[in-house]
Ligand code: CA2
């Protein structure tokens, strides 16, 4: 079983409680639960974490080295601003799939660029809570070198 960290950044703890027209009505606890259940189905052991603080996210990424085989990461608004998170991902040399609930490319121009994308193996954006499941599938395939389970 591969170990995967599902990591969420700022404000995503509010998921399902505000702006459902943009981010849906699924709560973060529901997303994390769905990730754990889907992970078990495809041979992944899922750990989940969320922080509103850039430094704490960097620590979680550093800690993933040696314990995790990959990261599914929704960096929230830090996606568009954080060179520090980009450097943290590059430093741990783990495969990262960038995830967004909304389609960041169809939104305001300031959301079109991503520092995370520069160091991620790929990006999944715009499928609501399903983005996480798609990201887990992509990461599992990548870790297995493209081979089925
Ligand atoms: O679409 C995504 O997943 C985003 O990463 C969400 C971020 C946004 O800044 C990115 O551009 C795209 C915002 C997360 C805010 O989450 C909330 C959830 C519920 C209510 C309010 C905010």
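Glycine residues also receive a Cβ, built from the backbone N, Cα and C atoms like all the rest.
Bear in mind that TrEMBL entries carry predicted annotations, made automatically and left uncurated.
Annotation comment: TrEMBL describes 23 as active site, proton acceptor. The Cβ neighbour count for residue 23 (active site, proton acceptor), using a 10 Å radius over every protein chain in view, is 19. A helical conformation is recorded for residue 23 (active site, proton acceptor) in the three-state DSSP classification.
Classification of residue 100 (active site, proton donor) by DSSP places it within a strand. Other Cβ atoms within 10 Å of the Cβ of residue 100 (active site, proton donor), summed over all protein chains shown, number 24. Taken from TrEMBL, the feature active site, proton donor covers 100.
Residues or ranges marked as substrate binding site in TrEMBL: 74, 80, 87, 101, 102, 111. Under DSSP, residue 111 (substrate binding site) is assigned to a helix (H, G or I) in the three-state scheme.
What TrEMBL lists as site 'Transition state stabilizer' is 18. Reduced to three states, the DSSP call for residue 18 (site 'Transition state stabilizer') is coil. In the shown protein chains, 10 other C-beta atoms lie within 10 A of the C-beta of residue 18 (site 'Transition state stabilizer').
Non-local contacts of residue 74 (substrate binding site) by the CB criterion (under 8 A, 6+ apart in sequence, same chain) comprise 7, 8, 9, 12, 98, 99, 100, 101, 131, 132. The two recorded residues, residue 111 (substrate binding site) and residue 23 (active site, proton acceptor), have Cα atoms 15 Å apart. Of all residue pairs in the substrate-binding list (74, 80, 87, 101, 102, 111), the one with the greatest Cα separation is 24 Å apart.
With respect to their backbone Cα atoms, residue 87 (substrate binding site) and residue 23 (active site, proton acceptor) stand 27 Å from each other.
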